[in-house]
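Engineer: Quick paste from TrEMBL:
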- ASN16, ASN84, GLY94, ASN95, ASN178, ASN211, GLU237, ARG238, GLY247, THR248: substrate binding site (BINDING)
- CYS93: active site, proton donor (ACT_SITE)
- CYS93: active site (ACT_SITE)
- CYS246: active site, proton acceptor (ACT_SITE)
Amino acid sequence: MTLRGQRLTKGHGTGNDFLLFTDPDAEIAVNAQEVAALCSRHHGVGADGVIRVARTAALAAGESVAARLATDHPEAEWFMDYRNADGSLAEMCGNGVRVFVRYLIAEGLVTLGDGEILAIGTRAGVKWVKRDGEEFAVAMGLWSAPGGEEALRLGADAAVEVDGIEGARPGLSIAMPNPHVVLAVASEEEVAAANLLRTPRVQPVPTDGTNVEIVHPMGETETPDGLVGVLRMRVHERGSGETQSCGTGACAAAIAARVWMGEGAPERWIVHVPGGTVRVRIWPDAQVELAGPAELVADVTLR
Ligand SMILES: N[C@@H](CCC[C@H](N)C(=O)O)C(=O)O
């Protein structure tokens, strides 16, 4: 089977937009060229990525992670088969997984009441998504620093050049588990000045490519949950270019900011992105939670 005649649903999480379609038995052949054509803003439908909604068990034959999950986590019935706008595969998408669950509910593929939790299969393993009214909170798993203790001590392990920002800036690599390099700038104006039409240049060159987050720490604010750190962020995504938001990127940005602040840094963070706001919580044991909205916008049928 091909994507021809297929109904696609357009959805987004804080402006990070996706095309989703249901292929329960993983019968549709999806190739990178087709995905890139669909995601094209001018020649296609337009999106930052494409998400196939397939049963984990059905993907087991072709995806080693799905095969493992089908055995170890049978509760993860549905698998988020995520592709970037250029057709490349990615391990995880933090905004995408919330939209994925919103879609499963809307399509009647699952029922999920307020406060209930659903297991979702992803290339980064099983992720637990909790419904919180009209929003969703995702247990993203553990963060890690590919540069190890030394990078965490220095707060950097890379040099990043971004058009519009002067000089090469120190960046900190964070795996969520997809790759991110986060750099701090001094003002919101500097965040705005970044020209992300051109891919940022990272040294040493990351073997599998990377997402790059430009972050301005805006201080802390008192909330009913206690003191919360606030960040302004823009992102250049591997495989998609600049997007309005990146969930794993917001997690990486909050983690980097926490590392840079050191002792006394807050656990909770508000991350403002061009498409809205997401919330991140970093637990002392390195588990990360991401929360935010997820919307479905329209259905289109492909010719
Ligand atoms: N927008 C996503 C991340 C999508 C994958 C990323 N471009 C990659 O290749 O790692 C998110 O919300 O996390």
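Glycine is treated like the rest: Cβ placed from N, Cα and C.
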Engineer: Measuring Cα to Cα, how many angstrom lie between ASN16 (substrate binding site) and the residue listed as 'active site, proton acceptor'?
Structural biologist: 7
Engineer: Could you state the whole-number distance in Å separating the C-alpha atoms of CYS246 (active site, proton acceptor) and GLY94 (substrate binding site)?
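Structural biologist: About 7 Å separates the two Cα atoms.
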Engineer: What's the CA-CA gap between GLY247 (substrate binding site) and the residue listed as 'active site, proton donor' in angstrom, rounded?
Structural biologist: 7
Engineer: Among the binding-site residues listed here, ASN16, ASN178, which has the most company in the form of other Cβ atoms within 10 Å of its Cβ?
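Structural biologist: When each Cβ's neighbours within 10 Å are tallied, ASN16 tops the list.
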Engineer: How big is the Cα-to-Cα gap, in Å, between ASN178 (substrate binding site) and CYS93 (active site, proton donor)?
Structural biologist: 9
Engineer: Enumerate same-chain residues with a sequence separation of six or more from GLU237 (substrate binding site) and a Cβ-Cβ distance below 8 A; give 'none' if the list is empty.
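Structural biologist: When sequence neighbours closer than 6 are ignored, GLU237 (substrate binding site) has ASP48, ASN84, ASN211, THR243, CYS246, GLY249 within Cβ distance under 8 Å.
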Engineer: Show, in sequence order, which residues other than ASN16, ASN84, GLY94, ASN95, ASN178, ASN211, GLU237, ARG238, GLY247, THR248 on the same chain lie with their Cβ within 8 Å of the centre of the Cβ atoms of the substrate site.
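Structural biologist: Not counting the recorded site residues, we get ALA90, MET92, CYS93, GLY96, VAL235, SER240, THR243, CYS246, GLY249.
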Engineer: Under 8 Å Cβ-Cβ from GLY94 (substrate binding site), six or more apart in the same chain: what's there?
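Structural biologist: Counting only residues 6 or more apart in sequence, the Cβ neighbours of GLY94 (substrate binding site) under 8 Å are GLY13, VAL138, MET140, MET176, CYS246, GLY247, THR248, GLY249, ALA250, CYS251, VAL278, LEU290.
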Engineer: By the DSSP assignment reduced to helix, strand and coil, which category contains CYS93 (active site, proton donor)?
Structural biologist: coil
Engineer: Among ASN16, ASN84, GLY94, ASN95, ASN178, ASN211, GLU237, ARG238, GLY247, THR248, which the record lists as binding substrate, how far apart in Å are the two most distant Cα atoms?
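Structural biologist: Overall maximum Cα spacing for these binding residues reaches 16 Å.
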